[in-house]
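The following block contains the structure, expressed as structure tokens.
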Amino acid sequence: QYSWMCLSSFALSWRSYKHTNSQFLYFAPDLVFNEEKMHQSAMYELCQGMHQISLQFVRLQLTFEEYTIMKVLLLLSTIPKDGLKSQAAFEEMRTNYIKELRKMVTRCPNNSGQSWQRFYQLTKLLDSMHDLVSDLLEFCFYTFRESQALKVEFPRCWWRSSPT
């Protein structure tokens, strides 16, 4: 659940960045949230958090290649409940993607010698995803629990059998 929520919210930020230059939250072509819709939502603060991630994409002028590597790193930041068959192989894979992100940042023509700072900003952005995703999962769990509490169960004797 955590990995799925992480990827979904990161992808939402990317779509918002690409389709609306982060002016709106772009869930889907027919579901775009402006500030007013965010306010009407029960998850206004979470929408603001997702919007902030998208605004960071604009500020950093994130490339698709950086986004893709960061997405993989988000996946690799979650260890399965059952553990790993090979912790060493997992760490090696994660380290390789971190190195790849560092290479990508170094090759970026817009950096002009500030690659270490950009790398720091990108990894800081990844770190900020974890708090947001934890809050999103908590909201989903709370909403699920509330919906379960509102379920009405009727005694079996009230059930009407269909006429045959």
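Backbone N, Cα and C atoms are what each Cβ position is placed from, and that goes for glycine too.
What Swiss-Prot records for 1-162 is domain 'NR LBD', and it gives sequence analysis as the kind of evidence. For R15, T143, the entry in Swiss-Prot reads progesterone binding site. Feature annotation from Swiss-Prot assigns aldosterone binding site to R15, T143. Taken from Swiss-Prot, the feature 21-hydroxyprogesterone binding site covers R15, T143, and the record attributes it to similarity to another entry.
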Count the other Cβ atoms sitting within 10 Å of the Cβ of T143 (progesterone binding site), across every protein chain shown.
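A 10 Å sphere around the Cβ of T143 (progesterone binding site) contains 12 other Cβ atoms.
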Can you give me the same-chain residues 6 or more apart in sequence from R15 (progesterone binding site) with a CB-CB distance under 8 Å?
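Long-range Cβ contacts: Y26, F27.
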What three-state class does DSSP give R15 (progesterone binding site)?
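SS state of R15 (progesterone binding site) = helix.
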To what whole number does the mean pLDDT across the domain 'NR LBD' (1-162) round?
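So the average pLDDT across the domain 'NR LBD' (1-162) works out to 86.
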